[in-house]
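Okay, so here's the structure we're looking at.
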Amino acid sequence: MVNFVKDLLLHFSVILFLGLIYNFLYMQKLHIRPKPVFVASVFITLLLTASFPVRFTGGFEYDLKFLPVFIGYFYIGPAAALALIVFLTLHSALFSTDPIVVTILNYSIVVAIFYLMNRQYKESSINKKVLMAFSIYFLITLTRAVILVKGGDATYLPHLLVFAFVSFMALGITIYMIEMTDFQRKTVMELHKAEKLSAISQLAASVAHEVRNPITTIKGFMQVLLGEKNLTDNQMMYINISLQELERTQTIINNFLSLARPAVHQENEIDLTLLLREITEFMKPYSHYSNIEIIEQVEEGLKIKADPHEVRQVIINLMKNGIEAMPDGGKFYIKAGNEGEYIHVRIQDEGIGMTKKQLAKLGSPYYSTKEKGTGLGLMICYEIIYRMKGKILIDSEVGKGTTFTLMIPSAA
């Protein structure tokens, strides 16, 4: 019994180490890349849990190999989980009496379950993530209990239950520590963004109005010149180009003013289903020009509490960006459905996609993936959704396209 408790506490401590090292690596300003160190920590944790299993009196032994694989898949990536399973298989072949086929089969099933729940896990709250992890580990515990009972070793069920309880605790605490670390990181990043937005707002307030008046004057004179009959073709072309650039400048100034202006937001309960369908019809002529088919899949009766003008601005901006990212045409999807506390609006293109580096910079001041973009449009989208207590998730792959998922609190 003493050895059982000792081994159990060792496993518990080793698993908690993952949460602590994650917090240390990502919250401290270290001169090292945190991800490779965390990956190495997960491998070390897996090695320790596999090498020193928790032994029962009757020769039974269990370990927490599942936990490093779970953390590896959801907090590093599927490739890391695959590498962990290969590592585990090699370890079993060298040091374990368990058949390799059983190890491969068991963890293949586990990874398949991870794959099916991946999107839902990423979009869930911390509590739901812990419950999802518990549900998978409960199935593993149930399988172990059935094997004990069928083998006539039901006397060891109390040991298994204690082991399972400690395992659940270790899994829940580790997930909570990692999630809270990520939350703190995002909060710090949001504060930095807020400081940048504040600087832009001050700049906009002091400059935009002064710039707007001379631009209006120049535009007026250009339009007068355009009405002259003795202009050459080149002169007409130059004036038209100038007017187009003035229009673009005017749009940029309006975007600055949107950030700087302390607008009064009229939040009402709106029919998001109807609004999305109106926007889709509005955008169809623009998409047809680029040989793009918009496919709308919107559930009935979606209600949110927001300013309809702001929601329209966000959806149109994201749809326009997606359409512009599809120079060769294709299918463009707009989907919406109620998923618990949030309504998920997915805007999906089949365009050029973005790299991880580009994704990390999206929503930052002055950053744009477009040649003539300013990044202000997307920055305003982030501000509007954040004000609605919502979230924006982005999934993109170069050459395959980008999906923006807006998570907006449901009013239903």
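Along the chain as shown, residues are numbered 1 onward.
Keep in mind that glycine also has a Cβ here, set from the backbone N, Cα and C atoms.
For 206-412, the entry in TrEMBL reads domain 'Histidine kinase'. As annotated by TrEMBL, transmembrane segment applies to 7-25, 37-54, 66-88, 100-118, 130-150, 156-178.
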Leading stretch by Cβ pairs under 8 Å, where the reference is the transmembrane segment (7-25) and the options are 37-54, 66-88, 130-150, 156-178: 156-178
Considering the transmembrane segment (66-88), which listed stretch of 37-54, 130-150, 156-178 counts the most C-beta pairs under 8 Å: 37-54
Long-range neighbours of the transmembrane segment (37-54), counting only residues six or more past its ends (CB under 8 A): 4, 7-8, 10-11, 14-15, 17-18, 21-22, 25, 61-65, 67-69, 71-72, 76, 80, 84, 87-88, 91-92, 95-96, 163
